[in-house]
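Enquirer: Please find one structure pasted underneath; my questions will follow.
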Amino acid sequence: MMNLPEVGNGGGSGFPAVSVGNKKNKYQRMDSDAEDSQNHLEAEARNSRTRKYVMACAFFASLNNVLLGYDVGVMSGAVLFIQQDLKITEVQTEVLIGSLSIISLFGSLAGGRTSDSIGRKWTMALAALVFQTGAAVMAVAPSFEVLMIGRTLAGIGIGLGVMIAPVYIAEISPTVARGFFTSFPEIFINLGILLGYVSNYAFSGLSVHISWRIMLAVGILPSVFIGFALCVIPESPRWLVMKGRVDSAREVLMKTNERDDEVEERLAEIQLAAAHTEGSEDRPVWRELLSPSPVVRKMLIVGFGIQCFQQITGIDATVYYSPEILKEAGIQDETKLLAATVAVGVTKTVFILFATFLIDSVGRKPLLYVSTIGMTLCLFCLSFTLTFLGQGTLGITLALLFVCGNVAFFSIGMGPVCWVLTSEIFPLRLRAQASALGAVGNRVCSGLVAMSFLSVSRAITVGGTFFVFSLVSALSVIFVYALVPETSGKSLEQIELMFQGGLERKDGEVELGDAERLVRKEQEF
């Protein structure tokens, strides 16, 4: 007897019902797959828009840093013509070059309070305006005194811009790429240095009276683009929350984060941090920084210390006085000197790009190890070369190699990581003004090195000076090992908890501690 397939209650038709069900399930699976594919495409499109938007914000926010880099690079060559045109002395040369860093500390000090009052975005605009005014005064200066007036204005503008750009970018960037985007200011500093070197070489053929003026005037151009940038970039969401503009902050976070749940999570963390800030407003920020709690003291030691080490290892001496260093090695022709400095600028710019792509994947601390150890070796070898091998072809070649090596190792770690760390380790209430304090330490050390290099070199030789720098660089290796934490992969609020002991380490990995779990519970309720 033939076995018939089992049939369901198909209305008495006698046809199998099971095949209809199979087709229906098949179509449901196809619809589900199509919906998943569509959702995936929409997520990819949003991710792409988010990355492009944050990159545009980081790009425009970093334009002020081109001004600092350009000034550093162009002054190294322009001063050769200023000495001939305005007949300034060696002491005046040191004051002219080093004063920018000292003066910029006042801009950095003002920048913390200014950015808390008028916002990160408009502080960047103010920085560009002040610098433009100073650059214009320098370009037409008939005397050393007027040149210093322009230098003062330019320094204040640079201090404002250098301090606020990393803070702004850290506050708008998603956690997974914060290191990448926050290293943009250092990239633009290096780009500015390279442009300054190229400008020196390009205009060196003009008359002594005209060449240095055009070199300085070209520095106005980058700040013009900042006016356009103000139409593109938003205000920092963390500043908006501090001012009670939560809806505006959510709109910015929607543009700078890839998922809606991440937006709400970040917003909740920022609001919690802001609520803690409001509870502490009875104590002025500067009093808290000058008389810090143990947690804030640890943050200040790391932030202020890394900023000072960045400069006292002699990077500005290498950049500002690279023509003098190479002249000591044996290059005498001015055109060849300026051409050699272009090689230094290219090296510095290329290696900062490596750091940009490694800083989030490799981490901050490994890059600092490579950087500080490499700088120590290059500085020591440069000292040996200038002392024992100078004035010959071998000495010139090795000196140029070790100068390029020093700036390369600086750019791959100490240069960008310094600013990234300073912008992310402080709590929201203290971030702007604590970062300003770190920038002050950076500028003071830069100014002291730049203003004393020629005098110290005359006393103990250029080779001896770089031997001292190598010893200081060796100390920076110890500082990084002992005190600098790894902050890669953590939100700004989690980094604050890490300093408070709220993030625990287990088997080399960072896990959420009690403080963060309490935060999560509060958010659930």
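Every residue gets a Cβ built from N, Cα and C, even glycine.
Note that TrEMBL annotation is computational and uncurated.
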Enquirer: Checking feature assignment: transmembrane segment per TrEMBL, candidates 95-112, 239-256, 311-328. Which range matches?
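Expert: Transmembrane segment, as annotated by TrEMBL, spans 95-112.
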Enquirer: Which one, 95-112, 210-233, 366-390, has the most C-beta pairs under 8 Å toward the transmembrane segment (124-142)?
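Expert: Per the Cβ under 8 Å count, 210-233.
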Enquirer: Quick test of the contact rule: Cβ under 8 Å, at least six residues beyond the ends. What residues does that give for the transmembrane segment (176-198)?
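Expert: Same-chain residues near the transmembrane segment (176-198) but 6 or more away: 51, 54-55, 58-59, 61-63, 65-77, 162, 165-166, 169-170, 215, 219, 222, 319, 338, 341-342, 344-346, 348-349, 352-353, 355-357, 359-360, 364, 411, 415-417, 419-420, 423-424, 488-489, 492.
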Enquirer: Verify whether three or more Cβ pairs under 8 angstroms connect the transmembrane segment (337-359) with the transmembrane segment (460-484), leaving out any pair fewer than 6 apart in sequence.
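Expert: As far as Cβ distances go (cut-off 8 Å, pairs 6 or more apart), the transmembrane segment (460-484) and the transmembrane segment (337-359) do not touch.
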Enquirer: Please report, as numbers and ranges, the same-chain residues at least 6 past the borders of the transmembrane segment (148-169) whose CB is under 8 Å from any CB of it.
Expert: 57-58, 61-62, 64-65, 67-68, 71, 95-96, 99-112, 114-115, 120-121, 123-124, 126-139, 141, 181-182, 184-185, 236, 419-420, 422-423, 431-432, 435-436, 439, 443
